[in-house]
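Noted in TrEMBL for the protein shown:
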- C:27-48: transmembrane segment (TRANSMEM)
- C:55-75: transmembrane segment (TRANSMEM)
- C:81-98: transmembrane segment (TRANSMEM)
- C:105-132: transmembrane segment (TRANSMEM)
- C:182-201: transmembrane segment (TRANSMEM)
- C:230-252: transmembrane segment (TRANSMEM)
- C:258-276: transmembrane segment (TRANSMEM)
- C:283-302: transmembrane segment (TRANSMEM)
- C:308-326: transmembrane segment (TRANSMEM)
Amino acid sequence: MTEIETVPAAERARGEGIAARVLRIALTERVVLLAVLLVVVVVWFRVLGAGGYLVAPYDVRYLGNALESMVPFALLAVAELFVIVSGRGGIDLSVGAIVSLAGMAFGFMVGVWEWPLLPSIVGCIVVGALLGAVNGALVAYVRFPALIATLATYYAYSSLALISNGNAPISTPPVVALHSLTRNVNFPEPLPPVPLHVFTILLPCALLAWVVVSRSTYGRSLYAVGTNDVAAAYATQSVARTRFTAFVMSGLLSGVVAVVTVGQFASARPDAGIVGNGMALPAITVAVLGGVAIQGGIGRVGGVLVAALLVTWLNAGMLLAFPEGAEGSRYQLLALGLVLVLSALLNTVALRRYGRLS
Amino acid sequence: TQQNPGGGGGGGGGEDQVSVAFVPKLQGIPYFEAMNTGGQKGAQELGIEWIYRGSSTADPGAQTEIVNSLIQQRVDVLVVAPNDPDSMAPVLQEAADAGIKVMTSDTDAPNSVREAFVNQASPEGVGTALTDALLEAMGGQGKYAIVSCGQTAANLNSWIEVQKRVTAEKYPNAEIVDIVYAGEDEAQSVTMAKDLMNAHPDLTGLVGECTASAPGVAKAVTEAGKIGQVFTVGLGTPQSMKQYLENGSSSAAILWDVEQLGYLTAWAGKQLASGTPFQATNNVNAELSAVTWDESSKELLLGDPLRITTENVDQYDY
Amino acid sequence: MTSTATTAAAAPTRRRPRVRAIEGQEIALIGVVGLLWVVLSLVTDTFLTTGNLQNILFTVAPIALIGIGMTAVIVTAGIDVSVGSQAAVVMVIVALLVRDSGLPFLPAVAVAVVVGLVLGAVNGLLVAYGGIHPIIVTFGTLNIYRFVSLQIFGTEQVAGVPPTLAPIGGGAEGKLLGVPTAWWLTLVLAAGMWCYMRFWATGRHLYAVGGDAFAARLAGVRVRRRQISAYVLTGACVGLAACILIGSGGLVQQNVGTGLELRVIAAVVIGGTSIIGGRGTVLGTVLGALLVGTVSSAVTLLSWPSELAQLFIGLFILVAVGVDLLRERRRSAR
Amino acid sequence: MGETLLRLRGVQKRYGGVRALRGVDFDVLAGEVHALVGENGAGKSTLIKIVSGAEVADEGTVEIDGAPITGGSTQAAMEAGIATVYQEPHLFGELTVAENVFLGRELRTNGRVDWAAQRTRVGELLAQIGLDPAIGDVRVADLPVAEQQLVSIAKAFAHSAKVLILDEPSAILTDREIEVLFGVVRNLRAAGVGIIYISHRLDELSQISDRVTVMRDGEVVATKPTSELTVRQVAELMVGHALGSATADRPAPTGDPVLAVSGLGRSGAFTGLDLTVRPAEVVALYGLIGSGTDAIARALYGVAPADAGTVRVDGRQVRLHSPQDAAAAGIAMLPGNRKQQGVFANKSIAFNISSAHLRHLAKLGFWFDRRKERSIAEDFLRRIAIKAPDVGTAVGALSGGNQQKVVLARQLVRAPRVLVLEEPTQGVDVGAKEEIHRLVLELADGGSAVLVISTDLPEVLQLADRVLVVRKGAVVREFERGASQADVLAAAAGDEGETAA
Ligand SMILES: Nc1ncnc2c1ncn2[C@@H]1O[C@H](COP(=O)(O)OP(=O)(O)OP(=O)(O)O)[C@@H](O)[C@H]1O
Ligand SMILES: Nc1ncnc2c1ncn2[C@@H]1O[C@H](COP(=O)(O)OP(=O)(O)OP(=O)(O)O)[C@@H](O)[C@H]1O
Ligand SMILES: [Mg+2]
Ligand SMILES: [Mg+2]
């Protein structure tokens, strides 16, 4: 993907030793850096486990299980990739709220109006896309700063989700039955059981997103618009539509996540996407960790997915390493914060070391 | 399955003692810490291992991850106070499939495979106690409002239903004028309580529905200088209510003996693990000599709620 | 920036807009807030009561106070999403000191401010010298500071905090001439900051840094020092706000401050501060906070379901910023 | 001429792999104007950035008045008496003119900024460079570009400097503004200030400079008194080889007009524009900055659509409401502001060239054909000597001239019927300039219509078959090939007394 190459060509042209090259790639290619980190994390926890420092084996079975919690964040991080790459401070704070609201819509379709499954899923995703389209219209056409528009819709959507069913979750039998969407599928040993929706939802969506971002003409204009929208306009790109579409994609993926969460929770919760710290901040964090540059025009689906996997398995390990009370979930916070800041620092070092143009 | 020698806290499956794991809704609020204390006490006396693990936010997703880690740990008994009963049901199913005995405590997951629910007090009991305590202070009449917490919290909502009914039936001259949701946020509940007092100048009562808003409404009354005009009761933990009980801004805190609830949970866990069936009434310990078991709903009932006032507040160190 | 003007064809030297003392956005806001207050006073007989106004002002104070720092940060094209976690750290430390070591008022405030300064400085240094985008830095520290505060809490929350800080709390002691002292404090600081950002050289430099940091550096502006100062100031404001939030004591929960950052940012952007930096004033921020506070209390006063509050806040953000957008567009169209 | 004010010895600077400076020695004497010229990427700006503290030299020394300055602090450099106008004007739209002029070095009385003093001082400065003194407290964002550039020059005169550096100040100035500039420069020289003057307009050197230093590939190839050099010699030193004469006399174009514009207008910008360009014809629109030529270009390309009149391409009337419309009609445009409107700096050459042809490069309507993209880019890399190792190189790593070639290449991928060029060689060195002219004429010879919009008069006269002079948004005169500079300039400037803005 030379189009997001940031290392001066002269750099590559200059003769350099293998070791130096490896170091350079590890430091400048976010995906590689993350992959390395991922291996380190897994190996490290295996070692801890072997040394008896974990309260339970950190084995493939457990890692397979952990994937369940990865799916929403991976998808939402990809959603953030679209909007952040689209540039001019693109960001979507409303994804969590969209998950809540679209999820409630899904709940009504399946659980109250008793639509069949497929139409309901489509319906849910469409609702998500529409909510995203509102953001897109505000940002791309009315030209609100993305942070402001999505902050506003975050508030609005969350409150609508709560009002929609008088604060109550929807968990009628048809909704409860949806849990089968996210059941584990077993494989012959030594393969671990893996949540079904990793195959039915995460991988297809990720592949689709990759094609759109990295292999389609839309992806090209997305990067162009995100890098320099004035130049993009002169290069006959329709800037507004490209940005708009990015937000629609974000909403659409949030709709998909809504389906997943309703399945996972076996109920449509009006606060699904906003309880605790909400889903938006973690998703943005994962996206950024995955190498999506806040100033736009830079970022890859691959990086984001690896980042999501890294965070998931790191968190899973933390729970076994710090069994006492809330220690586990606390150290998850610390780890996430440190990984984020340190990897960003590494980038700075890399850029200072290898030079970054404009 | 691989063993892990002396795995920190020796969680690992089936060896030495019975391990009972309790997952609270969230960590770091006195309520569940007290349950933990009681649980540990119980574990000591009953010779079982007590594991206590929770998230720092009341977030169903986070809770599921924790439960997964405990399933992975192959504990013998898993006890959960679910943030979201519906979403917990399937997870409990997975635990059961992994051969773990599952139960709920403090909050139930009705349509789940749990084999027992340790119920601190019936919604009926709590709702009535709250209403009675408040209207006693209000002189059996007047307008009052409820500051609840999470909009979706199942058991809070069930108590509120009872309060509505009891008020209507028992206190014709009393009226609930508003119900607001402040989240699990004390500062927010203070603000909203003040808003309510401003919105209804003739308001004479406030209920803090959870351990965050109970002290919250009392603080609001104190700051508004309306002690004696506006009475509050709430579902608060003794130490956090103490100062307000003493300055009179709170007439009473409704709760139950949380440590005993923890103890009972541990005891029930042991029973399940050893396959001993529950009796109609069970003698658990000195304080809990007659805990009733309802076979149909598979519920252990701790007993009647406590009314905590200046007299008895110092008996509780949480 | 120069590009903004490429559309402007030769405009005659006369009728050129001078810079005004109060920006259009602030006028618009004063209008909106004023209108809202008038309407509420008319439709409810409970809005225009000292009790209610005091409550609004007191609730708004911490948001506006942190907003003062946040305005500076956002004007330098930065952002600080860690303020909520910062507040948690300060509050637990101060609450424990006040309760367990009986720390008196002034020292307590001093401690709060110092802790805030330190937390802010960490952000500032990472932004200025770490060369990391502010939103990344503060997302990181958001998690880290939350961890720190939880570790200090331990398994407990801090209950039974004595009313040491009541003089700036929400109670009767916290009033001066019937107005919450917390609000006086906010007003004084806001006024000071307003003058600083308008008349002091380094204050103006904040705008230059936000406009184009590299160009500012070429012009001899101490870019890094300005960036750091903005985050440090925010930390200090968080310190003070924390004291207000502890106020007349009572309970400090482990989840204090969650979501605070969004409320503050909302106030700042409603106040007309450009999220891409280089533009904005403290006055706008205070008005923005006032608007948000009024809306959420109004919802209760009208006994509408409380979850509607957020809906209206969302809409008001769009309205307030929309007005600003139109104004901007007309200006650049000239 | 006085003693040495500025002395550089063995200065080296590397950007990642690029060696921008390889051991440069350079002196500036008191009271001299020292011209610094070189091809794009020769290292001029880098040298300047080091002297002014914006960058730190890897090796070598910089002395002011014999006192070595440690680089890396623009503050320190300024205190040492160095004032700089950078290549791209750096102004702050939200700050007033006065605040911009004194930014970082405000006039203070006991600590506080002395706004009154600044206002009076800025008034004088603005008057000096022929601007309305009253605009001192106007937001810069509210000024037209030309005035902004002048403001950025006023900035450099604001403080009494020992050494004044002007990096291509004339690049976007009109000739009469340049005259104002020269006037001020001469006064400063007389006052004993040492001035470094960077420009690609070699014809300026003889008017303003005392000595010339020529750089090539990060090295100084010559430093001589201006009097001892002809423009041609300088140019040859820059490129390192003898130059062929560029002026092509081309057959008089014939045939039906490719581009026919009638009554075109946009309120507030220009009115009643009639013009036709025949196949293989190059027509130039010449006007001072602010005359409206840029608006005409944007209207023809649909960026800022016209609100009156019609445009026909090959006889068909076309609707131009967006660049897409223009492209569909066969109109391509080379935008005037390379940095803002042209390049995707951190993206590859291939990306930059293909970016205007995504649909053209699509399979099945959405799949992007990266192989085709690559081959097209490599083809251009060969055809027009773009100095880059491969098409994967990030465009930001190239110097101005090479960036310009890439942006031009983008317009040539599908030979357009009409090519609109806005300032095609702004800030581009003679070598690259020749190259770009050759490409443009090639395209024209292929039967396309070319419309050049430039404020670089020699270029206009050299390139165009016909020159239309635009003033105040209307065509005031037309010249055939061979018109004299003086006539055209006079027509463009109009009668004395009115401001260039
Ligand atoms: N920030 C940078 N990072 C990497 N390389 C750079 C940077 N700035 C300049 N260069 C490289 O250093 C060399 C000198 O650039 P410089 O801008 O000094 O040339 P110049 O003489 O000013 O050219 P021009 O006449 O186009 O302004 C060029 O090869 C350029 O690509
Ligand atoms: N973004 C940057 N990239 C590279 N170098 C920088 C950057 N910002 C500053 N510097 C270098 O560090 C020096 C000091 O930073 P700057 O003057 O911008 O802020 P400052 O407050 O003066 O920093 P300090 O307090 O460390 O002097 C600058 O003169 C410049 O050489
Ligand atoms: Mg410095
Ligand atoms: Mg240059």
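Cβ from N, Cα, C; glycine included.
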Check your understanding: the transmembrane segment (C:81-98): which same-chain residues, six or more beyond its ends, come within Cβ distance under 8 Å?
Key -> 66, 70, 108, 111-112, 115-116, 119-120, 123, 135, 138-139, 141-146, 148-149, 152-153, 158, 161-162, 164-165, 234-235, 238-239, 241-243, 245-246, 249, 252, 254, 256-261, 264-265
Point to revise | Segment proximity, the transmembrane segment (C:105-132) to the transmembrane segment (C:258-276), 3 or more C-beta pairs under 8 Å | key: no
**Study point:** Annotated stretches the transmembrane segment (C:230-252) and the transmembrane segment (C:55-75) touching (3 or more Cβ pairs under 8 Å)
**Key:** yes
Study note, to complete from the structure: Checking C:27-48, C:55-75, C:105-132, C:308-326 against the transmembrane segment (C:182-201) for Cβ pairs under 8 Å, the most are found for C:55-75
Check your understanding: For the transmembrane segment (C:55-75), which recorded stretch in the set C:27-48, C:283-302, C:308-326 gives the largest number of Cβ pairs separated by under 8 Å?
Key -> C:283-302
Practice item. Please give the sequence-distant neighbours of the transmembrane segment (C:27-48): residues at least 6 beyond its ends with Cβ less than 8 Å from one of its Cβ atoms. Key: 270-272, 284, 287-288, 290-291, 294-295, 298, 301-302, 316, 319-320, 323-324, 327
Check your understanding: Under an 8 Å Cβ to Cβ limit, what residues of the same chain, 6 or more beyond the ends of the transmembrane segment (C:283-302), are close to it?
Key -> 22-23, 25-26, 29-30, 32-33, 36-37, 40, 43-44, 46-47, 52, 55-57, 59-60, 63-64, 67-68, 70-71, 186-187, 190, 194, 263-264, 266-273, 308-309, 312-313, 316, 320
